[in-house]
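Chemist: My questions will all concern the structure given below.
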Amino acid sequence: MLRAPTSLLSRVHARSYATAPSPHALVFLEHRQGDLESASLSALTAASQLGGQVTGLVVGSPDEVSSVIDKAKRLQGLSTLLHSSSPQYSTLLPEAVSPLFEKLLSQNSPFTHVVSAHSSSAKSILPRVAARLDVPAVSDVTSLEHDAASGSTTFTRPIYAGNAICTVRAPSSIPIKFFTVRSTAFAAAAVEDAAEIEVKTLDPVEVSDPPTEHIGTSLTKSDRPDLGVASRVVSGGRALKNAETFQSTLYPLADALGAAVGASRAAVDAGYADNSLQVGQTGKVVAPELYMALGISGAIQHLAGMKDSKLIVAINKDPDAPIFQVADVGLVADLFEAVPEMVEKLKQ
C-alpha cells in the first residue's frame, strides 16, 4: 500500500477545513454639489448583499467632502466611512484619483470587493485600477450572490443590448473583485438618522504632473425631475420633426405628469434634444413606474435602456412599430393629435 507523506496529508487536511475570508466591500460614493448620487446608494445596497462589512469612500475637493460626510455617515449598511480631499480631486480625473485607490488596495488590504455605480466616472476609474492590480472587472451588474464557503461571487449582467443575460463567476483566487452595478436593478440605501459609524481620513496621493487637464463642465439645468431617478418619464423620437416641435409637444405633457423628459438616439442625433436626455444602450438606462414613448419606433438600442419600466405606454401611428411588442398600453394614433388631448384631460 502506498502512503502519502505525512506533510502532504497535513496540507490536504488543513486546506479542506480552510474558510474563505469574510467579504469586505469598498463602495465608491459619488456626489455632486454636496449631494450623494442616487446611483451610489444603489451600489451600497448591492455591496450589502455580499453579507459582510461595507466601507464607503468619498473623494473630492475639501469643500465638497466636508458637506458630504455628514450625509454619507448616516447611510444604512455602512460600517466605516473613508474620505480623502484635495484640490486635485475636484473633477475626479482618473489619472488623479487612481493612485489613491491603488494605495488603498495595495498589499494587506482588507477589501475583497470594490463596488460602484455604473457611472461615467466609475467606468473610467475602476477598470483602470483593476488593470493596475492585474485583476478583472465586471460591469453593469444586475444581480449578485456571494458564496461564503468558497469565497466566490456570481454576477449577472445584460449583454447583446439586454437580449441575453450573462452569468459571470469570480472565484476566490481573485483577491479583489471589481464590479459596477446598474442602479435601476438595486434599491437605494436608506438613511438612518441615529446611525453611528467610524469615520477615517485618508491622506491624498498627489500626482505631480497629471497627463490630463479638466477644461470645463457643461450641465443641462432643468426644473423637471432628473431622468436617471424619475418615477415618470416622457420620451420622444424622430417623429417629432425638430427641436421646437419636440419641446412644444413633450414638455406640456411632462409638466402635467410631473415627469422627466427623455429622447431616443435618433432624436438626439437630429438635434431635437440634448445628449443628457438620451435613453438607450448608449445613453441612460431607466426603469420608472411610467414610461411614455411618443413617436419612438422601438429600436433594440432604445429598448435596452427602458424595457424594465413598470408600465410602458407607446403612441405611434405605425401599428407594426417594434415598440408595441414591449408596451403594456399601445395607441395607434397621430401623436400630434393624441398628446394635446391627453394634456387637456390631465389639466382637468
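Note that the numbers count up from 1, one per residue, in the order the chain is shown.
A Cβ is built for glycine as well, from the same backbone N, Cα and C atoms used for every other residue.
Computed from a predicted structure; not experimentally measured.
When I checked TrEMBL for this same protein, it listed these features:
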{"type": "BINDING", "residues": "ARG238, 264-265, 278-282, 295-302, ASN316", "note": "FAD binding site"}
{"type": "DOMAIN", "residues": "25-224", "note": "domain 'Electron transfer flavoprotein alpha/beta-subunit N-terminal'"}
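Are these features on the surface or tucked inside, and what touches them?
Modeler: Every protein chain shown contributes to the tally, and the Cβ of GLN278 (FAD binding site) ends up with 24 other Cβ atoms within 10 Å.
When averaged over the domain 'Electron transfer flavoprotein alpha/beta-subunit N-terminal' (25-224), pLDDT in the model lands at 91.
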Chemist: Find, among the binding-site residues listed as ARG238, HIS302, the one whose Cβ has the highest number of other Cβ atoms within 10 Å in the structure shown.
Modeler: HIS302
Chemist: Within a 10 Å radius of its Cβ, which of these binding-site residues (ILE296, ALA299) has the fewest neighbouring Cβ atoms?
Modeler: ALA299
Chemist: Far apart in sequence but close in space: which same-chain residues, 6 or more away, have a Cβ under 8 Å from GLN281 (FAD binding site)?
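Modeler: GLN281 (FAD binding site) has long-range Cβ partners ALA161, GLY162, ILE300, GLN301, HIS302, ALA304, GLY305.
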